[in-house]
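Chemist: Following this message is one structure expressed as structure tokens.
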Amino acid sequence: MQYKKSLVASALVATSLAAYAPKDPWSTLTPSATYKGGITDYSSTFGIAVEPIATTASSKAKRAAAISQIGDGQIQATTKTTAAAVSQIGDGQIQATTKTKAAAVSQIGDGQIQATTKTTSAKTTAAAVSQIGDGQIQATTKTKAAAVSQIGDGQIQATTKTTAAAVSQIGDGQIQATTKTTAAAVSQIGDGQIQATTNTTVAPVSQITDGQIQATTLTSATIIPSPAPAPITNGTDPVTAETCKSSGTLEMNLKGGILTDGKGRIGSIVANRQFQFDGPPPQAGAIYAAGWSITPEGNLAIGDQDTFYQCLSGNFYNLYDEHIGTQCNAVHLQAIDLVNC
């Protein structure tokens, strides 16, 4: 019995030593492989739009909507076919709604990103993702993706319309987006999460205060005249889509393989495999905090993979780098230039 207890204790110690702690150097948290031809430095600020992989081929001529971020940094998006821009909320998380036409994603205070999930996710116009406060990224399930915004926690959310709406970010950094087919821009809420609606038309994604990213997923995205291509520091510019920048739109910078949002938070894959913005430094237990690139096709990649998964959580999606459940769909996170309209 004493021997068994010693083995268990040793295993626990080994696990704790392997986990990332905020005091450790986070810039070394990189995947072992890199994307062939990927660009690790991009001189311009850009957004992202959630594009369902199943509809990518048919939406090559369209622009996805930007993702917004909410305050928490999460990224979210609605589920509309038209992809809406993703916004970011305050916590930095990224989320998206489930509309077929993705609605624009905005960011709420926790940083999460949300967007609608509409089916019509148009790559040509791609709506910007916004960020909420928490930094998380989320999206609605509309076929036309709606724009993703960011709320206060940084989560990112966006609608899931097919026309990709811009993703916004809410305060927590999560990213969210609606699920409309037309992809809406993704916004970010305050927590940094990213969210998006599920509309098919992709709407631009926005960001709320928590860092989450949110965006609608409208499938049909509107086409914006493109200005002179943004300069890059290595390779050929792969970013061919653009969207109008608005308040709350998830704005990102890529330098040396490190991805940051407009609040300077670090884009990372956290312990539960979710994509969101935190810190610096990234949250304890983070798996990757570096190794980001833009692929020759114009998609965001971590290591050698450019496939992410939007997984339904209530009325929005969270973004992950792995398939974690039955309600998850494979998506690309299309990089889009943000322009003043």
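Glycine is treated like the rest: Cβ placed from N, Cα and C.
For reference, Swiss-Prot lists these features for the protein:
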- 102-120: repeat 'PIR1/2/3 3' (REPEAT)
- 164-182: repeat 'PIR1/2/3 6' (REPEAT)
- 183-201: repeat 'PIR1/2/3 7' (REPEAT)
- 1-18: signal peptide (SIGNAL)
- Gln74: site 'Covalent attachment to cell wall glycan' (SITE)
- Gln93: site 'Covalent attachment to cell wall glycan' (SITE)
- Gln112: site 'Covalent attachment to cell wall glycan' (SITE)
- Gln136: site 'Covalent attachment to cell wall glycan' (SITE)
- Gln155: site 'Covalent attachment to cell wall glycan' (SITE)
- Gln174: site 'Covalent attachment to cell wall glycan' (SITE)
- Gln193: site 'Covalent attachment to cell wall glycan' (SITE)
- Gln212: site 'Covalent attachment to cell wall glycan' (SITE)
Chemist: Pop the mean pLDDT for the repeat 'PIR1/2/3 7' (183-201) in here, whole number is fine.
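Modeler: Averaging the confidence scores along the repeat 'PIR1/2/3 7' (183-201) gives 59.
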Chemist: For Gln193 (site 'Covalent attachment to cell wall glycan'), name the DSSP secondary structure in the helix/strand/coil scheme.
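Modeler: It is in a strand.
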